[in-house]
Amino acid sequence: MGEALSNLEIARGAKLLPIEEVGRSMGLREERHLEPYGRHVAKVDLCAIEDLSERPKAKYILVSAITPTPLGEGKTTTTVGLGQAFSHIGKRATIAIRQASMGPAFGIKGGAAGGGYSQVVPMERLNLHLTGDLHAVTEAHNMLAAMIDNHLYHGNGLGIEPHSISWRRVMDVNDRSLRNIVIGLGARTDGVPRQSGFDITAASEVMAILALASSLEDLRERLGRIVIGHDREGNPVSAEDVRGAGAMAVILKEAIKPNLMQTLEGTPALVHAGPFGNIATGNSSVVADLIGIRTADYLITEAGFGADMGAERFFNIKCRISGLEPDAAVVVATVRALKAHSGRYQIKAGAPLPEELLEENPQDVLAGAENLKKQIENIKLHGVPAVVAINAFPTDHPSEHKAIEEAAKEVGARCAVCRHFTEGGKGAVELARALEETIEENERERRRGGGGSFRFLYPLEMPLKQKIETIAREVYGAEGVEYDAEALRALEGFERAGFGRLPVCLAKTHLSLSSDPALKGAPRGWKLSVREVRASVGAGFIYPICGQMRTMPGLSAHPAAERIDLDGEGNVVGLF
């Protein structure tokens, strides 16, 4: 038996359709809607939203997961595999995923195109530059930073308090040495010295805005609302105040258009925006979904990390803006992650899996399945039916899959074993059929007066503090919330400033339902600790900080960048 092909080798061996043909399969017109970037990538003009508005809406499916290990559990791969699977049962699907950040691609996480025989291609285009959207976000963000420092240098007419400036600079590289810096050093003509730093581009509020804007006009308005600090009287100062928002909108004029690609089996893939999953929504763009919802029988999108993180924000932030209501959600689970949630194993990024983790042990799977059950409940809290996708690995045992099925059944969820990594769409047909049946069953129940109807977890009128406590209690399973004094002052200030009607995006670890990454399973009897609260007013949410959040990653001892190169024919090698 030969050595297994790498993701890059599989992707490179694919026969791709011309991007115009992919667009036509969605009902997009080449001359009006598509702006090709080479043979296999195109931008989609936003006029498609209006042009397609009379077409039937697709069924809207979210792909989420259990609380992941540092290795990830395969949401993107499942999203791609599921999209391909629908064509095997005579249905059309479009998928919508986030755009990759180059920092993690050269770090330890690798790319974001899926894997095996369920990938978006060309995968090296997706993982490296694509159409330059991340560079546009970087440029727009840093343009505002330059405008702020220029305003300080030329007299500071707005009376900005330099120590209050929260707008740092960004770049799409993992570089820990830039987390904290001093700028403006040198001669008097070199600027006003102050402490600042760099974040990774995915953590920029501009990226969050790109993901949530529903039109070019909405993008411009949101950019103007960005709060960069406050003046000497404590009043917020915006990007509009420093006259930077217009230039930012110009830089992002093309970036707001979603990118069209395809999967290995020719399923259309809208790839757009990549906000951080910790301090932002972790979802792909609203405009991609507004286009995709009119192009197929099913639109499948994903949300970052576990259902407590990306899915909760998808429901309560993204869906409020888009006006779209999901018909079902997938919860991706793996045997290895559920064993880890038993608390008996430790999985570390970049390290080999513990030998004992690969041994047959359905009891440990059942012990860790408390996390799965809680994440299914988190989906159902919003009136959305859930289906569990067991992302199967060759080291799994049938008894372990049966344990997952039993746990899912306890909380009323169907379950499907998926092998889309090795089999492509054929390997996720069971999941596609389970979703089709679940959606039809829910619609029948609804017509009879039962069944689930989509609902938000909280109304926008609810005070910020109460919103935080509702999410902590209902979604995370906390018994209460503890606030640092600084966090309470910030909440009071945001309410006074008129930001109290914004939704809340809790920034916490993705490795636990709690704010402590070491607590596995579905912990009880703990309290969420909120140490500070920040506002992304332009993006349109408040984000409390729970625990330590890194917004500029560092490289590992042996990052992927060490293995990435060009071969003698100019082809990329080592990307995964």
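Here the Cβ of each residue, glycine as well, is placed from N, Cα and C on the backbone.
What Swiss-Prot records for this protein:
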- T69, P70, L71, G72, E73, G74, K75, T76: ATP binding site (BINDING)
Let me check the 10 A CB neighbour count of T76 (ATP binding site). How many other CB atoms are there? 24
Beyond the site residues T69, P70, L71, G72, E73, G74, K75, T76: chain residues whose C-beta lies within 8 Å of the centroid, for ATP: A65, P68, V332, T334, A337
Listed in sequence order, residues with CB under 8 A of G74 (ATP binding site) and six or more positions away: A65, G115, V332, T334, N391, F421
I need the most crowded of these binding-site residues: P70, G72. Count other C-beta atoms within 10 angstroms of each C-beta and give me the top one. G72
If you count the other Cβ atoms within 10 Å of each Cβ, which of the binding-site residues T69, L71 comes out on top? T69
Residues near E73 (ATP binding site) by Cβ (under 8 Å) yet at least 6 apart in sequence within the same chain, in sequence order, are A65, I66, V332, A333, T334, A337, N391
Number of Cβ atoms other than its own within 10 Å, given for K75 (ATP binding site): 26
